[in-house]
C-alpha cells in the first residue's frame with residue numbers, strides 16, 4: 001500500500017482505539033501465517049457483545065536498528081486505515097499491545113474465509129456465476145474507494161479478499177509487505193511488488209516500476225480468473241519463470257475452460273499490456289453493474305414469454321444504452337428495486353435513443369418522448385399524451401406529421417411494455433394503447449392516385465373485394481395484399497361492392513349509373529349492366545338469400561333487382577328528398593333501411609316497397625351509412641354530423657345517446673358478426689370501435705390512415721377489420737383487443 005503523504009500525514013496523530021483490555025481468549029498459537037505476521041484468534045467484548053476477531057501480530061526475527069522508525073510508520077498507516085471505513089474494506093477494530101514488537105491489529109473474524117474458500121463452498125449454488133460477479137463488484141467497489149483516497153493496494157489476490165458473515169467481499173492485507181520493503185533492503189522484490197502470477201507485466205519486466213493504480217487493475221483481472229476457475233492466473237505455466245517469459249512476450253493470461261464471455265471480457269479489459277488502457281475501478285463497477293442488471297431486465301422484458309427477435313432487439317439496445325451512460329449512474333442500477341430499475345433503464349434507453357440517428361432507433365421519437373414526458377416528468381396524463389382523442393381533423397395535422405407517427409407493431413412493442421409494467425402496469429397499458437399499431441401487415445397501396453372507395457370480405461375470410469375510383473374492382477389476398485383478380489367493366493368510380501351471402505356473386509355500383517354482377521370466383525361479368533338509375537349509384541347490397549340486390553342512388557331513389565334477370569323488380573322507391581347514400585337488408589330479408597343526404601332514415605318493406613317507418617329524424621347532417629344488426633332488432637347510422645346512432649328497427653326510436661368522438665363526417669358504419677361491436681370510419685382519418693350495449697368507445701381510435709376513411713367492414717369471424725381510404729391504401733386491422741395487450 002502507498003499513501004499520499006500530504007493527505008494523510010496529519011492522520012498519524014489519530015491512532016485507533018487501544019482495545020487490549022477488551023480482547024481475551026486469545027489462541028495460544030497462530031491459526032494462520034502471513035509473510036510478516038502471524039494470525040491469532042480471540043474474543044473482543046464490544047458494546048456488550050462478544051465478537052470473534054482475528055489478531056494480526058507483526059513478526060520480526062532480528063533486531064532492526066530502524067525498528068523504531070518502522071513502528072512509527074506502521075502506527076501512521078494503521079491510523080489512516082482506521083479512518084477509511086467502507087463496506088468493502090476489511091474493518092480495523094483497534095490495536096492490541098503486548099503481543100509483538102508493535103501493536104497487533106484486531107479485525108473481525110469471518111468464518112466464510114477468503115473468496116476462494118467461499119466460492120468453493122457454493123459450487124452447488126444455481127446462481128454461482130451471479131455470486132462471483134457480485135463478489136467481484138464488491139472488490140472493485142473497495143478498490144475504487146482506495147484509489148479515490150490516493151491509495152493503491154499492491155497485492156490483490158484471492159487470499160487478500162475476505163468474505164464477511166453476510167456474504168460481502170472485503171479487501172484486506174493492505175500493503176504491509178510494501179511498507180516493510182521501504183525500511184528493509186532484505187525483502188525480495190517479488191514480496192514487495194505483489195505475488196508474481198497476479199503482478200502486472202511492468203512490475204516484473206522493469207525493476208524501476210513499483211505498484212500503482214494500474215497494477216491493481218491488472219491484479220483484479222487475475223483475481224477474476226482465480227475466482228472463476230479455482231486456480232491461479234497463467235494456469236498453463238508450470239512455474240513463475242514461465243510466467244515471466246510469457247509476460248516478456250506479451251502473452252496475457254489464458255482463458256480458463258468454461259469461463260463465460262462477460263467475465264472474460266472484464267479480464268481482457270483489466271489485463272491490457274498498455275497500463276493507460278486499463279479501466280478505472282469505477283468503469284469496472286459500471287460494466288459489472290450492467291452485467292448483473294441485464295438478467296434482471298431480461299426477466300422483466302420476457303415475463304415468462306420465449307425470447308423472440310423483438311425481445312432480443314430491445315435487450316441489445318438497453319445494454320448499449322447502459323454501456324454508454326455515465327458510470328456513476330450505471331453503478332447505481334445494481335442497488336435498485338425492480339421498479340426503480342425498470343424506470344431508470346427505460347429512462348437511459350430513451351435518452352440514448354434520442355441521441356442516435358433515427359434510422360438506428362428501435363422505436364420512434366414519439367415513444368421515447370412520451371415516456372420522458374408522461375412517466376418520468378409527469379407532464380401530462382398518461383392516456384392522453386400525444387394522442388388525438390377528441391378530433392382527427394386536418395387542423396391537427398398542421399405539423400405535417402402522419403397520423404401513424406410513433407406507432408409500433410404490437411409484437412415489437414410488447415417487450416418494451418412488459419418492462420414498463422415493472423414500473424406500473426397502467427403505464428404498460430397506456431403505452432400499448434398509445435403506440436400499438438392495430439393494423440395488421442403492410443398497407444395495400446393503390447397506385448396512380450386511385451382511391452379505394454369500398455371494401456367487403458369474402459365468406460372465407462382470406463379475400464376482400466375493393467371498389468376503386470378508377471372504375472375497377474380488385475379481389476385481394478388479405479395475407480399477402482396481392483391482387484388475385486381485377487374486374488373491369490365500369491366506366492367511372494365504383495362506389496360500393498358487395499358479396500352475396502352464399503359467396504357466389506359480387507355486386508358493384510358506380511358513378512356510371514349502373515349496377516353490375518360478377519362471378520365471385522372467376523371474375524366474369526354475369527349478365528348485362530343493370531340500368532335504371534338516372535344518376536350516380538352510391539350503394540348496393542344483397543338480400544340474405546342472395547336472390548336480390550337493393551341499390552341507392554343520387555337520383556333520390558331505391559331499386560330492388562333480380563339477380564337472375566338483372567331487371568328492377570320493385571321500385572324505384574321514392575320518398576327521400578336528396579341522394580340515397582346507403583341501403584341495407586335486415587337479416588331475415590323482410591326490411592330495407594336507407595339513409596339519405598336529406599338527413600333522414602327510412603325503413604321499407606322489401607317485398608312491397610312500402611315505406612313502413614320514417615322519415616326518422618335525429619341526425620344533424622347527411623346520413624352517410626346505415627347497417628342492420630345481426631339479430632335484426634336494430635340498425636345503426638353514421639352521419640356527417642360526426643355521430644353514430646342506433647335505432648330500434650320496429651319503432652324507429654333512437655336507442656341511447658349518439659356515439660360521439662369522431663372529428664369529422666362518419667363515412668361508414670358496420671356491425672360485428674356477433675352484434676356486440678360497431679365499427680365506424682371518418683374523414684378524421686380514424687376508425688372507431690364501439691360497445692353496442694353501452695355506446696362507449698372500445699379504447700382509442702385506430703390510427704394509421706393519412707386521409708378520409710371511406711369504408712370499413714368486419715371479417716366473417718369478427719376478429720379483423722378492413723378499411724379503404726383516400727390515402728390510396730386498404731388496411732387490415734386487429735378488431736380484437738389483442739393489439740392493446742402486453743401480457744400475451
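Using N, Cα and C of the backbone, Cβ positions are placed for all residues, glycine too.
These numbers come from a predicted model, not from an experiment.
Taken from TrEMBL, the feature compositional bias 'Acidic residues' covers 393-407.
Per TrEMBL, the feature domain 'Protein kinase' maps to 25-297.
The region 'Disordered' annotation in TrEMBL covers 387-408.
Residues annotated as repeat 'WD' in TrEMBL: 487-528 (among others). DSSP states for the repeat 'WD' (487-528), grouped as helix (H, G, I), strand (E, B) and coil, give 0 helix, 19 strand, 23 coil.
Under 8 Å from some Cβ of the repeat 'WD' (530-571) lie the Cβ atoms of residues 492-493, 495-502, 504-505, 507-511, 513-517, 577-589, 592, 594, 596, 604, 606-609, all in the same chain and six or more residues away from its ends. Annotation comment: TrEMBL describes 530-571 (among others) as repeat 'WD'.
Among the features that TrEMBL reports, repeat 'WD' is placed at 573-614 (among others). Sequence-remote contacts of a segment are chain residues at least 6 beyond its ends whose Cβ falls under 8 Å from one of its Cβ atoms, and for the repeat 'WD' (573-614) they are 535-536, 538-545, 548, 550-554, 556-560, 620-628, 630-632, 635, 637, 639, 647, 649-652.
Annotation comment: TrEMBL describes 616-657 (among others) as repeat 'WD'. Counting residues 6+ beyond its ends, the repeat 'WD' (616-657) has Cβ neighbours under 8 Å at 578, 581-588, 591, 593-603, 663-671, 673-675, 678, 680, 682, 690, 692, 694-695 in the same chain.
Note on the repeat 'WD' (659-700): mean pLDDT across this stretch is 95. Among the features that TrEMBL reports, repeat 'WD' is placed at 659-700 (among others).
Feature annotation from TrEMBL assigns repeat 'WD' to 702-734 (among others). For the repeat 'WD' (702-734), residue counts in helix, strand and coil come to 0 helix, 19 strand, 14 coil, using DSSP.
Break the repeat 'WD' (573-614) down by DSSP state and the numbers are 0 helix, 22 strand, 20 coil.
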